[in-house]
Amino acid sequence: MQWSTIFKKELTEHWRSFKWIWVPIVFIMFAIMDPLTMYYFPIIMDSVGNVPEGATLDFPTPSVAEAMIMSFSQLGLLGVLIAVVVSMGLVSKEVKSGVYELVLSKPVSFTNYITAKYVAALMLIAFSLAVSLLVGWYYVNILFGTISLVQITVSILFFIVYFMMILGIVMLFNSFLKSQGLVAFLSIITVVILNVISSIYSHVITWSPTLISDYINMYFYSGQLETEIWFSTVAAVAITVMCLVIATITLKNRAID
Amino acid sequence: MDATLIQLLLPLGVLQLILIVIALIDLRKIDETNGPKWMWVLIIIFFNFIGPIIYFIIGRRT
Amino acid sequence: MTLMSVEQLTKTYQSTTVVNELTFSLEPGKCVALLGPNGAGKTTTLRMLAGFIKPTKGEIVFNEERFSRDVRHYVGYLPQYPVFHNWMSGEEFLTYVGQLAYLTKHEAKAKATELLELVNLSDAKKQRISKYSGGMKQRLGIAQALIHDPKLIILDEPVSSLDPIGRREVLNLIRELKKDATILFSTHILNDAEEVSEEILLMHKGEMIKQGAISEVSETQGTTSIHLSFEEEPKFIEERLKEIDSVFKVNREEEGFIVAVHDINIARSQLLDLIKHEEWELTRFEIGKTSLEDVFMKAVTE
């Protein structure tokens, strides 16, 4: 009951600051931007008409898989950035402003406080991802050819798992930092480091959660789901749970001033 | 310009418009922004797409 | 029957001891003032009593067996600078914290309406909190402390940031509240303590230096003050007054001096002797009732 109180309050707060509108719209833009420009690139170049005499312009039209992957990779970069920015103040803002002291003076459980906020943020991001990638899929279907609904749905679900871990990391930094900017900065650094390490050792740590997007790409090319994606998913869930547990303990032992 | 192009670009325009409108509504409602409000009005209206996002990310002060 | 007893309560941050071995108890139905200058450790003490920072050492016992749960169920707390979710209305916020304290939505709403009435915010209950004035926020802060019918109400400096009208309103509210609950509030303003509380706890540099009923504390001190005014201020008068052994403090006021003394009878004759001997032109010699100020000054300077 207390959990749902905090959860509903979070959803309302997201709603009143228009996050439920602007985050999905921005994600949609990210998802359709690249497929659209790639498709119309030749036309745009034509209309600009600065092609020198005799030069032949040959733009290979991307394949369906390539086009769809563009949507995913755009969200994998800019979408992650937005997700981090949207959740950087979940706890840190309340601690800094002082509302936290009032909340704390009521019999609020730290677990409820952390997880309710986390799930509310995850819902916002998952919704935005699902909507934007479905719109991207629709555009790709019109412009480049067919991808099955099953394939896109499965890919979206795995992609959400990747974002789940990112929000977990953001929550962890939230639990002991006061500055939203620092939370965002360190979260992004952490995600970048994880990505770099996993791509260097991608043959060793095949279960790395940051490889989920690579496995999704392979899925679009081959139509076959790699077995490793399941290990990555388990690892992502484990890291998320770990982050949330540590965040709860950190917050509990944190001195307020 | 063919019909499909318009069909595909029209939704983009609509989304952009929604983004601008909600950013302006929020700007009107909010008590304080980082920097003067009139500046944000200009940013939101004239910087296509990026303007409203920048506003939502760094303009709002709560 | 005590409501809460505190033993050897201590809080240490790194190497500094902010609160040092406080021992006291709170009787139900009393209004107790926690007095002390800024930095005495009042806020830290109150936060520990309110159950959200852990003492380094010592014990806080809520003296009833059914109170074995988290003490926050039974304590209402108002921080020194209450901050709210400014995007909510006053009513929404009260309902929210009510539900955090395990009221149902329905109960929380009903209680919120009742409290908004009590703190005189009914007209503004649908307004966003960001539009509230400082005094309104303070009253909303008190209302949120009361939302779950706490047995003990803890208020951290409830009136010090308010203008005289706001201060009057809040003091009246405290007087109203103490009919049904135990109140512990901190202040560095002695008048506020004298006005509404029956007991005081006097803190200085993290230590409890005096405690008890206001009347008792004044008496046990055995101190009194004498007000002196002169036609013309004599030279070296402060030094001369301080030389008298029954005088322990001399305060310069606008119209003369307030001399705090240990024993009124001895001090009276000693002072009069001095004045007569020096032929100072006395215009006023008045034995004043001990104010908390005297107690406070004495305790702090000793």
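Even glycines carry a Cβ here, placed using N, Cα and C.
Just so you know, TrEMBL annotations never went through curation; they're auto-generated.
Since we're looking at a predicted model, the values are computed, not measured.
Taken from TrEMBL, the feature transmembrane segment applies to A:20-41 (among others).
Residues or ranges marked as transmembrane segment by TrEMBL: A:67-91 (among others). Sequence-distant contacts of the transmembrane segment (A:67-91) (same chain, at least 6 residues past either end, Cβ-Cβ under 8 Å): 19, 23, 26-27, 30-35, 38-39, 100, 113-114, 117-118, 121, 124-125, 128-129, 132-133, 136-137, 140, 143-144, 147, 152, 155, 159, 162-163, 166-167, 170-171, 174-175, 180-181, 183-184, 187-188, 191, 213, 216-217, 220, 247, 251.
Panel annotation: around the transmembrane segment (A:118-140), residues 7, 10-11, 14, 19-20, 23-24, 26-28, 30-32, 35-36, 64, 67-68, 71-72, 75, 79, 83, 86-87, 90, 147, 152, 155-156, 159-160, 163-164, 167-168, 171, 244 of the same chain, lying at least six beyond its termini, place a Cβ under 8 Å from a Cβ of the stretch. Annotation comment: TrEMBL describes A:118-140 (among others) as transmembrane segment.
According to TrEMBL, the transmembrane segment annotation covers A:152-173 (among others).
Annotation comment: TrEMBL describes A:185-209 (among others) as transmembrane segment.
Here the transmembrane segment (A:229-251) has long-range neighbours at 91, 110-111, 113-115, 118, 158, 161-162, 164-165, 167-169, 171-172, 174-176, 206-209, 211-212, 215-216, 219, meaning same-chain residues at least 6 beyond its ends whose C-beta is under 8 angstroms from one of its own. Under the heading transmembrane segment, TrEMBL lists A:229-251 (among others).
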Long-range Cβ neighbours of the transmembrane segment (A:185-209) (under 8 Å; 6 or more residues past either end): 80-81, 84, 88, 161-162, 165-166, 169-170, 173, 177, 228, 231-236, 239
